[in-house]
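Here the structure is laid out as structure tokens; the discussion comes afterwards.
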Amino acid sequence: MLNIKWIRENKELFDEKLSQRFIEPMSSKIAMLDGEKRKITSLIQEFQHARKVKSKILGNMASKSGEEFEGLQRDVKHINEKLEALEQDLNNNNELNELLNMFPNIPDDEVPYGMDESMNKLVRTYGETNPNALNKQHFELGIKLNLMDFEQTAKISGTRFVTLKGDLAKLERALINFMIDVHTKEWDFFEISPPVLVRDNAMYNAGQLPKFAEESFATTNGYRLIPTAEVSLVNMVADTIIPREKLPIRYVAYTPCFRSEAGSSGRDTRGMIRLHQFGKVELVSITTPEESTNEHEYITNASETILQKLNLPYRVMLLCTGDMGFAAKKTYDIEVWLPGQKQYREIASCSNCGDFQARRMKARYKEFGSNETTLVHTLNASGLPIGRTMVAILENYQNEDGSITIPDVLINYMGGLQKIIAYSE
């Protein structure tokens, strides 16, 4: 959620930043709604003060009867009625909060202006792409290996699901353990095993609700399946005041993730790129406003390390204003090279959300010896999605005979297996 005080004091800049997100100017409407709310709040405070004064006089009167006493009682009763009506008006005046809840985060000054991914800015590349490399797509390879099943899985769950078997299931498990080990041992992230069913308020805190309600799966009893472990991890500091010396807090978690893929009809309908259920290792950092820019680079580098150790070519893109996520003020996308598609595809998003999520979930910190609190900054990064990483390994490590060479760093995690070959039932 955006800071209403900042909007109040920076109307023109607010409208300019909204325009960068391709949203029409809204400062005038917000000013009107904010003015109405502040007027009601001011009246409530005045009546509360008047009630306090009159109640004190009543309490100090020697005689608890007579015209003066009864007149003061009538005044207090009238004030209570006014207060009840005003407080009801304030509770019913939800339009301002509803409007603020629909605004995305304000883009950082470094974010390039643009409508879509074509305007994203290249930051750096890693590794060499080979235009003459073998170029079967991952699903062709997986099906030929008899270790990736879409057809039978569709009978169980429908489209956009997959069943992995044998050594591909083992590769999935190896990747999870490898990624967690790297992030905990080399990058100082603390491992968490969080719930994957969360309440709506947790989704709201992370910026998933109300705007993206249709993109998640809701149960019939008030829970939602998480679209990313970011939801569970950032909420670990909801409604808390953290001592400054404990920051930064860095969490890593592996979870299954669930997305309805609303609006993705016709996109990536084959294979494992876009599934309703997928596994992902997620990184979350909680830090101070002064350190969040450096922490953004840190968490991005942690994600990159996985691809570097797997020797997979990739590039880092700075997303433009029109391509950023709702809660982000600045995002790097990491895109891995897929020979089967002959293009880079997103494998990780690394975002600095500033105090956007913290304001929603009331997550603050304070210096030692101080009573003043400040909103924390939250950051998140994929570290990485297991399925898409497996896609990249299959396509970049494929051999002429359809077998898959295991990357060196995974051989121990695979129990010494160096190559995945076709499974014969």
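Think of each number as a place in line: the chain as shown, counted from 1.
The backbone N, Cα and C atoms fix where each Cβ goes, and this holds for glycine too.
Sequence-distant neighbours of Ser382 (L-serine binding site) (same chain, 6+ residues apart, CB-CB distance under 8 A): Lys280, Val281, Glu282, Leu283, Ser303, Ile334, Ile347, Ala348, Ser349, Cys350. Look at Swiss-Prot and you will find Thr228, Ala229, Glu230, Glu282, Ser382 tagged as L-serine binding site, backed by sequence analysis.
Residues or ranges marked as ATP binding site by Swiss-Prot on the basis of sequence analysis: Arg259, Ser260, Glu261, Glu346, Ile347, Ala348, Ser349. If you take the C-beta of Arg259 (ATP binding site) and look for same-chain residues 6 or more apart in sequence within under 8 angstroms, you find Glu215, Ser216, Phe217, Pro227, Leu275, His276, Phe278.
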When you measure from the Cβ of Glu230 (L-serine binding site), which residues in the chain that are at least 6 apart have a Cβ under 8 Å away? Ala206, Glu282, Val284, Asn380
Do you know offhand how many angstrom separate Glu261 (ATP binding site) and Thr228 (L-serine binding site) by C-alpha? 13
Same chain, 6+ residues apart, C-beta under 8 Å of the C-beta of Thr228 (L-serine binding site), given in sequence order: Cys257, Lys280, Glu282, Asn380
Look up Glu282 (L-serine binding site) in the DSSP assignment and reduce it to helix, strand or coil. strand
Give me the CA-CA distance between Glu346 (ATP binding site) and Ala229 (L-serine binding site), in Å, as a whole number. 18
